[in-house]
Amino acid sequence: MWEAIISFFLTSVLSVFAKKTEFLDRPDSRKSHGRAVPPVGGVSIFLTLLIFERDNPFFLFSIPLFLLGLLDDLFDLSYRIKLAVTALVAVWFSTAVTIEVSIFGARIHPVFFVIWFVGMVNAFNVVDGLDGLLSGISLFSSLMIGERSLAFSIIGFLPWNLPDAKVFLGNSGSFLLGAYLSTASVVFFEGDLGYATLFLGFPFYEIVFSFVRRLVVKKNPFSPDEKHTHHVFSRKIGKWKTLLILVSFSLMFNLLGLSQKFYFIFLYVVLCCVLLFTYCVLQRGNGNLKL
């Protein structure tokens with residue numbers, strides 16, 4: 001409980017400091033928000049975890065990516081640099097933690113964990129495009145795998161991040177949450193990337209869909225745009241309804257992963273198809289479908 005109180009207080013203080021120092025996420029052609037917002041939520045969560053979870057290995061492995069995200073917030077780093085550093089952290093984790101990597105029980109080479117980790121951390125970053133979405137997804141995910149301090153740290157930040165957000169997570173926050181929950185999920189599922197993927201099913205769906213969508217229209221798959229699921233949904237039905245719907249889908253994916261039933265992958269595919277169909281209906285509108 002103290003984590004929530006401290007996180008709330010830190011967010012308040014850091015928000016004031018960010019405004020005075022002009023450390024703000026300003027609107028531009030790549031972003032959907034219409035005003036400058038302090039991107040210090042990740043910093044407040046990090047400092048809270050530093051107090052309560054400094055010996056937690058998942059937190060320790062997340063520190064380099066938190067710093068990477070903070071530098072990205074400050075200097076807008078190249079995606080190549082971010083991919084390289086994320087891959088190095090994945091290699092570090094895979095060599096430091098003695099678990100056998102598998103997919104639904106079938107053992108695989110550890111290099112697949114590196115690929116999976118890089119993709120998942122970037123998936124969390126992609127999902128952080130709607131007020132409260134990544135925070136809500138991460139809150140339920142952390143609760144379900146017993147990461148209590150992380151959950152309470154998010155709870156303290158969440159009131160600042162709900163629509164219309166007064167404070168953003170920033171890339172420092174999305175990278176921190178992505179690294180922490182990816183590593184924690186893999187260990188929770190004893191190295192099984194299949195069940196970890198089901199558990200973190202919404203970020204995984206969004207990164208795969210975004211990648212394929214851009215390739216179909218012959219665009220750089222790493223280039224940002226405003227055609228993600230949360231962007232299209234929020235433009236048509238509003239931020240709050242979108243937030244409730246997508247967090248609910250993420251919660252269902254969490255439960256599918258926790259079940260550890262192989263055949264639940266079919267339910268996952270069905271739910272993804274529902275998301276995709278709804279996306280196409282909303283995106284089509286009165287004209288042609290635009291990916």
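Just so you know, glycine gets a Cβ as well, placed from its N, Cα and C.
Source: prediction; values computed, not measured.
Swiss-Prot lists Asp72, Asp73 with the feature site 'Important in orienting the substrate', giving similarity to another entry as the kind of evidence. For Asp128, Asp131, the entry in Swiss-Prot reads site 'Could be required for catalysis', with the evidence type similarity to another entry. Residues or ranges marked as transmembrane segment by Swiss-Prot: 4-24, 32-52, 57-77, 84-104, 110-130, 138-160, 167-189, 194-216, 237-257, 262-282.
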Which state, by DSSP, holds Asp128 (site 'Could be required for catalysis'): helix, strand or coil? coil
Hey, how far is Asp128 (site 'Could be required for catalysis') from Asp73 (site 'Important in orienting the substrate'), Cα to Cα, in Å? 13
Fewest other C-beta atoms within 10 angstroms, as judged across Asp73, Asp128, which are the recorded sites: Asp73
Between Asp131 (site 'Could be required for catalysis') and Asp73 (site 'Important in orienting the substrate'), how many Å separate their Cα atoms? 17
With every protein chain in view, how many other Cβ atoms are within 10 Å of the Cβ of Asp131 (site 'Could be required for catalysis')? 26
Thinking of Cβ pairs under 8 Å, which stretch from 4-24, 110-130, 138-160 has the most of them with the transmembrane segment (237-257)? 138-160
If you count CB pairs under 8 A between the transmembrane segment (57-77) and each of 4-24, 84-104, 110-130, 167-189, 194-216, the winner is 167-189
Just how many other Cβ atoms lie inside 10 Å of the Cβ on Asp72 (site 'Important in orienting the substrate')? 22
Ranking 32-52, 167-189, 194-216 by Cβ pairs under 8 Å to the transmembrane segment (84-104), which is first? 167-189
